[in-house]
Structures are given as C-alpha cells and as structure tokens.
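Quick look at what TrEMBL annotates:
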type: COMPBIAS; residues: B:566-587; note: compositional bias 'Acidic residues'
type: DOMAIN; residues: B:476-556; note: domain 'Transglutaminase-like'
type: REGION; residues: B:563-610; note: region 'Disordered'
type: TRANSMEM; residues: B:9-27; note: transmembrane segment
type: TRANSMEM; residues: B:39-61; note: transmembrane segment
type: TRANSMEM; residues: B:113-134; note: transmembrane segment
type: TRANSMEM; residues: B:141-159; note: transmembrane segment
type: TRANSMEM; residues: B:165-183; note: transmembrane segment
type: TRANSMEM; residues: B:203-221; note: transmembrane segment
type: TRANSMEM; residues: B:616-636; note: transmembrane segment
Amino acid sequence: MTQQLSLYEPKISEVMKNVNKVMVGKEEVTLLSMVALLAKGHVLLEDVPGVGKTMLVRAIAKSLDCEFKRIQFTPDLLPSDVTGVSIYNPKEMAFEFRPGPILGNVVLADEINRTSPKTQSALLEGMEESSITVEGSPVPLKEPFFVMATQNPIEYEGTYPLPEAQLDRFLLKLNMGYPTAQEEREMLSRTSGDHPLTKIRDVMTKDELLDIQNSVKEVYVDDTIRHYIVDVVAATRDHDSVYLGVSPRGSISLMRAAKAYAFIQDRDYVIPDDIKYLAPFVMPHRIILTSEAKFEGYTAEGITQEILEHISIPVQRNRHE
Amino acid sequence: MRGENRQQFYYQLILYICGFLLFWEWMRPLEKVTDTQNITVFIIFAAFSFFISFLQVSWWLSMPLKMLGLVFILDGLFLYERLFSKEWFLIIYQQFAYNIDLILAQQWGEMTAFFRSFLFLVLLWLMSYLLYFWFVIAKRIFLFVLMTFFVITIMDTFTEYNGQWAIVRTFIIAMIALGVSSFSREMEKEGISFGGMKRIHRWILPMAAIVLFSTAIGYASPKPGPQWADPVPYIESAVGDSGGNGPGGGSIQKIGYGENDSELGGAFMRDDTPVFRVAAKKESYWRVESKNHYTGKGWEDTMEEDIRVANGGDLGIRTFTDEVETEEQYTLVNFNDDVQLNKLVYPYGAAEVVSYPEQFQFLVHQPTGEVETQVNQKARQIPGYRMHIDVPSYEYDQLREAGDDDPREIRDEYLQLPDDLPGRVGNLTEQIIKDEDNRYDRVKEVENYFSTSGFEYNTEDVAVPGESDDYVDQFLFETQQGYCDNFSTSMVVMLRSVGIPARWVKGFTGGELEDTDIELQDGDSYNLYQVTNNNAHSWVEVHFPGIGWVPFEPTKGFSNPTDFYVDTDDLDSSSEEDNSEETDTPETESPNQKQEIEEDFDSDESGGASEEGGNFWNYIGLAVALAGIAIVLYVTRFRWMSAFLKRRYKQSEDPATYQNAYHYLLKVLDNKGLKRKPNQTLREYANDVDRHFQTNDMKVLTHHYERMLYRNEQQSDQWRKVTELWENLINKALS
C-alpha cells in the first residue's frame with residue numbers, strides 16, 4: 001500500500017498540475033474532481049455558464065490517456081442519443097450497435113438539467129450500475145468511467161431539475177464560482193495566444209488510473225472514523241430543518257471520497273479532517289430541506305456546516321468500545 | 001542582535017535585583033522576631049549567592065564558590081580554630097554529627113547555632129536558584145510578590161516587626177519588577193526588537209511615573225483603621241494552650257519577670273519554671289523594683305542614678321516611715337540554680353540582709369528599691385540569703401488622716417503622666433472618687449473599681465496598644481481584659497491623673513505554699529513557698545504623707561497580703577484584724593485559696609471552656625491545613641503529575657500509554673487556556689497549539705498519534721523520538 005502511494009502520488013499531482021495549467025485559481029475544484037475520479041465517483045458541477053466547467057473536464061480528460069466524450073444535453077435529446085443505437089447494416093445483413101457518448105472513459109454531460117428526465121435517467125443509470133441497457137440487453141461501460149455533469153442553477157428557466165434520487169448518484173457536487181479579478185487577468189493573459197488546453201498532454205495512462213482506483217479502495221478506515229461518519233450522517237436525519245437526510249449511500253460515498261482524498265494526501269488511512277473537509281461536498285445535494293426551512297433561508301450547505309460543528313471528533317480509541 | 005541580547009541582559013539584571021530586594025524584605029524581620037544575629041552576614045551571603053546564580057556559570061564553578069562563601073561565614077561566626085586545620089575539621093565533624101543525631105531524634109529545638117546558621121545559609125543558597133528561575137527564566141514574578149506581601153503583613157500583624165516601610169518598599173520594587181518583566185515578555189512575544197537605548201525613555205518614563213504616582217497616592221491616601229480588633233489575642237484565645245506554650249507564638253509575650261517594661265501588652269505566657277523558694281512566717285509579695293515614668297506604652301525608670309554600694313547590713317530600702325507599726329521577722333530566700341535575675345527579692349519591711357555568700361556586694365538604687373547583686377563589679381545571681389524584716393501593718397485612720405501634703409520631690413516624680421494621655425482617664429477617675437474625701441478611700445475606690453466594673457483577668461487575649469493608642473486608655477475603655485500589668489498600670493495612671501502620687505511596682509506574688517511548720521536553725525517554724533515565673537507580678541504603691549508608700553492590689557483575682565488594721569482600744573486586736581481584713585478587702589483569702597483562684601482562672605481560660613474550643617479549633621486548623629494542601633496539590637497538579645507521568649510513559653510503549661500521554665498533554669494545554677473544541681480535529685488543534693508556542697512539535701506529535709489512532713498502528717519505532725516532543729510540549733505548557 002505504502003509502495004503504491006509513493007508510486008502514484010507523483011502521478012496524481014502531475015495530473016492536477018496539468019489541469020491547473022488550464023484552470024486559473026481552481027485548485028480546489030481540481031483536487032475534488034481528482035477525489036471523485038479516484039473514488040470511482042462522478043461530479044456534478046453547478047454554476048452559471050462561462051466559468052470554466054467544460055474547460056475543467058476537458059483538461060482532466062486530456063491529462064489522462066482516456067477516451068473523452070461529450071454530451072450536450074438539450075430538451076429534445078433522446079435516451080438513445082446517450083446510450084447509442086443499433087442500426088441495420090445492409091452489408092452485414094444485421095443490426096449493428098453504434099455506441100453512444102456514454103461509452104467513453106471521461107464523459108462530460110453538459111447542462112444535464114436541460115433535457116427531459118427520461119434522457120437524464122439513461123445517463124444516471126449508467127453512472128450507478130456501470131452498464132446500460134440497450135434494446136433489452138445490458139452493455140457494460142468502459143473502465144474507467146468518470147462523468148462530470150454540469151448543470152445551470154435550478155432557478156434558471158427551461159430546466160428539468162434532477163430528482164433527489166438521481167442527485168444521489170453524484171459523489172460530489174461542486175461549485176466553480178467566479179474567479180477573482182487577479183485570476184481573471186491571469187486567465188486573459190494565458191488565453192491570449194494558443195489556448196493552454198492545446199498545450200497539455202496526457203500524464204497518466206488508463207491502466208495507471210485503474211490501478212490507482214483499485215489502490216484507493218485499500219485505504220484504511222478505522223472504526224473510529226466509521227463512527228464519526230455515521231454520527232455526521234445520522235445527524236442530518238435528525239435535524240429539524242431537514243425533510244430527508246443523507247442516505248446510507250451518502251455514508252458510503254463519504255467514506256469512499258475520504259479514502260481517495262487521503263490517498264491524494266499521500267496517506268494510507270483516513271483521518272477526521274478528511275471527513276470534515278469532504279462532507280460539505282458530499283452531503284448537501286443529498287439533503288432535502290423542509291419547506292419552512294427553505295422559506296427561512298436555510299441551505300443544505302449551512303446545515304452541513306452546522307452539523308460538523310456539533311459532532312465531536314473521535315480522539316480516543318476506546319470511545320465506543 | 002548583540003545589542004538586543006545586551007538589552008535582554010539588562011532587563012534580566014533589573015528583574016533579578018528586584019528579586020533580591022524582595023527577598024531582602026523577607027530577611028529584615030528576622031532580626032526582630034527571632035534571635036538571629038549577624039543578619040548582615042546572611043544578607044551578604046544571599047547577595048553573593050544571587051550574584052553567582054546570575055552569572056550562570058556552570059555548576060562546578062558556582063558550587064565551590066558558594067560553598068567557600070558558606071564556609072568562610074561559618075568560620076568567621078563560630079569557629080576559632082585555624083581555617084582548614086585538623087581541629088577545624090574535627091569541630092565541623094562534631095557539629096554535624098551532633099546535630100544530625102538531634103535531627104534523627106527529632107529534637108529540632110536543640111540544634112546548635114552553628115548548624116542552624118549552616119542550614120539557613122543553605123536555604124539562602126537554594127533561594128538564589130529559585131528566584132533566578134522565577135524571575136529570569138520563567139518571568140513569573142507576581143507569585144513571589146504576593147508571597148512577600150503576605151509575609152510582611154503577617155510579620156506586621158503577628159510579631160513586633162513594623163512593616164510600614166517594608167510594604168512601601170515592596171510595593172515600589174514589585175511595581176518595577178512587574179513592569180519590566182511584563183514589558184520584556186511582551187517584546188519577546190511580539191518578537192519586536194528592543195529598538196536601542198535611545199528610545200528607552202519611552203517606556204522607562206511612563207513606568208517610573210506610574211510607580212511614583214501610585215506609591216504617592218498609596219502613601220498619602222487615608223487608610224481606615226483596622227476593621228476588627230487585633231486578631232492575635234483572638235486567635236490565641238481561640239487556640240488556647242493547645243498550641244503548646246513554647247515560644248512559637250510569635251507575638252509579644254511576657255514570660256516571667258522581665259527587665260524591659262517599655263512596651264506592655266500581649267499575652268502573658270505561663271511558665272512554671274521555679275525562680276526561688278522562701279521560708280517565711282506568712283505570705284507576702286516579693287518586691288524587686290518600682291518604676292516611675294509612664295510613657296503611654298509602658299514603664300521606664302528615669303530616676304537619677306543614685307546608687308549606693310552596701311555590704312550587708314541595712315539596705316535602706318524601707319518604703320515606709322517609722323510611724324508604721326511593724327513586727328520583726330526573718331525570712332530565708334533560696335534561688336534556683338539557673339535563675340539569672342541578679343537582684344534581690346524582698347518583702348515589705350526588709351531591713352537588712354543578715355547572711356549571704358560574702359563575695360557578694362549589693363548595689364542599692366534607693367528610689368526604686370532595686371538591689372543588684374554583684375561579685376567583683378559583675379552582676380551575678382546570689383544563690384540565697386537570710387533577711388531581717390520589719391513587717392509593716394498600716395492603720396486605717398492613720399492612712400485616712402494622712403492628708404494630701406506630699407513633699408515636693410514626691411510630687412515631681414510620681415505625678416508624671418504623658419502629655420497625650422486621653423482626658424477621659426482623668427474624667428473617669430474623678431467620677432470614681434467623687435464621693436470620697438480622703439486619699440485612702442479614694443485609692444480604695446479606684447482599686448475596687450476594677451473588680452466591680454466588668455474587667456476581666458486574662459493572660460492570653462491581651463491587646464498591644466497601637467501607634468496612637470495609650471496602654472491604659474485602651475485597657476480601661478476598649479479591651480477591659482488583661483493581667484496584672486494592665487490593672488496596676490491603669491491604677492497608677494488613674495491616681496496620678498487626680499493628683500495622688502503613685503508608682504508601679506514589680507516583683508513576685510507569694511508563690512505556692514509547699515510545706516508548713518518547717519523548723520529552721522533559729523528554732524522558729526516557717527512556711528515554705530515556691531515562687532515560679534508564673535508568680536511574676538506588678539502592683540501599685542501609693543504615697544501617703546508621713547507614712548510612706550503603701551501597696552495596693554488592683555488586679556482582679558489577686559489580694560493584697562499587706563496588713564491593715566483598725567486601731568481600737570479593744571485588746572482583742574487579732575480578731576479585729578481579721579474582721580477588718582474581711583470588711584476592707586473582701587477578696588482577701590488565705591494563700592491556699594488564692595492559689596486556687598489563680599488556678600481557676602487558668603482552667604477557665606485554657607482548660608475548661610477552651611479545651612473543647614481548642615479541640616474544635618484544632619480540627620478547624622487541621623481542616624484548613626488539609627484544604628490548603630489539597631488546593632496546593634490541585635493547583636500544581638500538572639507539575640507533579642507531569643514529573644510522575646514522564647517516567648511512566650518512558651517505560652512503556654503500548655498504544656494505550658501513548659494515548660494517555662497524548663490526552664494528558666491535551667489536559668495540560670487545556671489548563672493552560674489552549675482548549676480543544678470538540679469539533680476541532682487534532683490537526684486543527686495542533687496547528688493552534690504550534691502557532692501559540694511557535695513550534696512544530698505538536699503537529700509532529702499529533703501526526704504520530706493519528707497514525708496510532710486512525711491507522712491502528714500498534715508499534716512504532718518513532719515513539720522514543722515522540723516522547724521528547726511530548727516532554728517539550730509539557731514543559732512549555734507548564735512554564
């Protein structure tokens with residue numbers, strides 16, 4: 001395990017360095033995207049158009065020696081546009097499966113909330129089950145499989161908000177945010193010549209990525225940490241302002257993310273700091289507030305923060321023994 | 001950087017000097033309250049030790065230096081042998097052997113002056129280290145300042161030591177020390193350079209101004225008087241005799257017969273040491289001397305040195321004229337061996353010393369009646385003597401008719417009063433005597449006033465007059481409790497205030513009847529009395545023109561053994577005598593009964609009522625002491641626990657120990673004010689701690705702990721190293 005750590009840690013930081021060549025001031029988003037990638041999760045990026053969501057995904061895809069696919073979701077997109085269709089090949093006298101964009105390694109699902117729930121669910125099924133069903137028969141997805149979906153804030157017109165159950169499928173939900181003035185100036189200077197995206201090349205092979213993904217699973221999670229995760233998650237379910245708390249899938253996701261995060265930090269065990277750091281990205285999109293709470297201006301992010309401030313950190317072995 | 005170091009050095013120097021000055025304040029009272037002599041030498045040694053400590057030379061240099069200083073002082077003070085000679089070492093060895101034996105036998109009080117001085121010097125030596133640590137290393141000055149104040153106030157309250165100026169001095173020194181230390185600590189904390197000597201006035205001036213200003217304010221502002229009476233008599237009465245009657249009480253105490261009466265007040269300690277034994281026909285008071293000059297605090301003898309040397313025969317110390325009826329008797333006085341009174345004790349009417357060791361000479365100071373015994377011009381205690389006495393009996397009518405026509409020299413000497421004697425003393429006396437028309441009855445009224453007006457005989461709860469108090473005024477109007485000195489002095493002063501010449505007489509009461517009907521060489525039978533230090537007494541003599549000095553006894557519970565009689569034509573004079581004694585001095589009782597009364601007093605004061613009280617207070621005292629110890633242990637719990645745990649943690653290496661050690665550190669830090677919030681992860685907390693101490697230790701330590709805790713690591717070769725970090729942090733948190 002420690003060997004793998006020392007082996008892969010430079011690779012991971014190289015990927016992030018690569019991405020940060022393209023993105024200005026988005027180190028955290030980059031890091032978190034890596035967390036999701038290594039934890040075999042998917043990312044939902046929510047923000048206004050034009051802040052670099054697509055650029056981020058493309059930068060990541062380009063840094064990896066992986067097949068990059070992009071789906072631009074529109075209201076008239078059909079599920080088969082995502083999964084692919086079988087077309088009759090007169091020469092062969094048979095139907096031939098033309099794979100859709102979901103059968104790539106890194107998939108950018110742009111503006112996912114602009115399409116109908118039917119089409120959305122075609123993607124989301126694949127994300128959860130690592131396979132899709134085409135004309136009744138299952139088709140396995142490629143490995144690695146990493147979806148970065150972007151969505152416009154739900155207040156925008158002409159959107160189909162993702163149902164809660166489907167939001168749950170994303171490991172992390174991230175916000176890009178506007179760059180600072182200085183970052184924006186830097187951005188202008190970088191893009192004045194050739195786009196930096198064209199200059200970066202892949203630094204990690206597909207096999208390496210798969211290896212790392214498997215190694216991440218090995219990261220040690222102590223019982224104390226598991227207790228802490230459960231404490232935090234359970235607190236969302238008991239909270240007064242929360243209509244629906246974080247599901248057990250949420251707990252698992254939190255743990256997986258923490259493992260990946262620890263791995264990136266060159267550590268083969270999870271510490272409470274990891275949980276504390278990741279919970280605000282893992283939990284809020286899994287929490288549904290009561291209408292009163294929403295009306296009073298509470299947000300899921302705020303409640304997550306509040307919970308983290310109230311749950312005490314395990315600092316002793318025998319606490320639960 | 002060098003300049004900065006030099007400045008740091010100056011600050012340390014100032015601090016350390018302040019520390020020494022404060023410590024000096026601890027030593028000042030020693031001369032007053034203990035029998036320590038040569039205090040200067042000790043102070044010089046302390047200064048020397050402090051100086052050496054400040055130089056911070058290594059121990060192999062400082063130890064011998066201090067040791068040398070110590071040896072020289074001991075040599076100079078106690079040893080006459082040549083330094084480092086064979087005999088010298090022998091003496092040292094003997095001293096140590098003897099005193100160590102005493103220590104083992106727990107006879108602390110017996111230790112020789114040499115050894116006590118040695119121990120004291122060692123203490124000073126250690127103090128120099130301690131203060132160096134407190135003032136220069138830890139920069140924790142306040143505790144010592146506070147303790148200094150406590151010591152001074154306690155010394156001031158419970159001993160003769162007057163801490164008025166000590167408090168002012170301590171205040172100034174403490175303010176300077178605290179100012180400098182706070183300044184230097186602040187600079188250190190903020191990492192600011194001291195900025196050169198040029199700008200030194202920027203903080204020196206304000207500090208000096210503040211110190212001067214607050215000192216001036218403190219000195220000039222009115223201070224309320226004590227909110228309660230002097231606590232010493234109260235505490236002593238509450239504790240009773242249970243504390244033992246050793247000289248450990250610390251307040252002004254009188255034991256037995258003393259020479260110096262210039263500051264009266266305070267408890268009268270019981271002391272059963274026998275002084276002398278007499279064979280006499282009947283009980284009498286044993287006069288030693290009288291005093292004439294009342295200062296407002298006590299008595300002094302200001303009579304001209306009219307000293308006459310007598311070799312036996314008539315001493316000329318008769319206090320009455322030939323008008324007084326006398327009866328010839330003999331008495332035998334035998335002093336105890338170890339008594340150092342160097343004076344004659346004699347009953348009223350002593351005419352001449354008839355047999356005594358012939359090398360003795362008598363120095364008679366006629367006005368006071370003091371007879372010093374000498375051998376070859378040196379005061380020596382006479383072992384015993386036989387006296388011829390003409391026991392006086394005073395006739396009432398003679399006294400009543402004596403009139404007020406005192407000779408001038410009597411009026412000059414024995415009507416003296418201090419100018420600031422409160423007027424109410426005289427007013428009170430006028431009130432008391434207003435119905436009487438002759439001197440004797442007036443004196444009698446005043447004498448009786450004490451037994452009828454709620455005065456209390458008390459040897460323990462006795463006030464010492466304050467700066468502005470008059471001893472008599474305080475007794476008459478405020479405390480109303482005391483022993484013979486209070487009563488007798490008051491009576492003399494009261495009489496003088498109404499123009500009756502009176503003087504204050506010291507001596508012994510008749511003592512305890514040990515045996516009756518013992519036959520001496522002259523064939524007569526005598527009673528045998530034992531007089532102890534407890535019998536030291538003072539009473540009053542009043543002048544009657546044409547008659548002389550007549551003794552009176554104002555002290556409650558005591559009776560005047562002097563005979564008074566009514567001159568009638570009735571021949572049955574003896575029965576008359578008895579009668580008159582009963583009518584005039586109602587408390588007059590036989591010697592035996594009188595002793596019982598005295599004992600009653602004792603049992604009342606210390607035996608009966610306060611036996612239980614004493615126990616109660618003992619328990620309270622014990623509880624307070626235990627609580628004090630508990631508090632001290634609690635306050636210092638991290639210190640002693642750390643020392644204890646350090647050892648334990650070093651020995652064992654299992655994760656549980658590690659965890660305990662780490663959590664103990666958290667507790668210590670918490671106590672220090674660096675509290676970990678429950679939602680704070682260890683890393684976040686470690687960052688806070690490291691920021692506070694400006695180290696990296698906590699992060700490293702926490703990193704290792706995390707591995708154990710969250711990675712479930714059972715063994716680590718790093719733990720040894722980590723122990724060091726842990727110790728560093730504990731030390732930092734405790735300093």
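Cβ from N, Cα, C; glycine included.
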For the transmembrane segment (B:203-221), could you work out the same-chain residues 6 or more beyond its ends whose Cβ comes under 8 Å from its Cβ atoms?
168, 171-172, 175-176, 179-180, 183
For the transmembrane segment (B:113-134) against the transmembrane segment (B:9-27), do we get 3 or more Cβ-Cβ pairs below 8 Å once near-sequence pairs (under 6 apart) are dropped?
yes
Look over the recorded stretches B:39-61, B:141-159, B:165-183, B:616-636 and say which has the most C-beta pairs under 8 A to the transmembrane segment (B:9-27).
B:165-183
According to DSSP, how is the domain 'Transglutaminase-like' (B:476-556) divided among helix, strand and coil residues?
21 helix, 39 strand, 21 coil
Over the domain 'Transglutaminase-like' (B:476-556), what is the model's mean pLDDT?
86
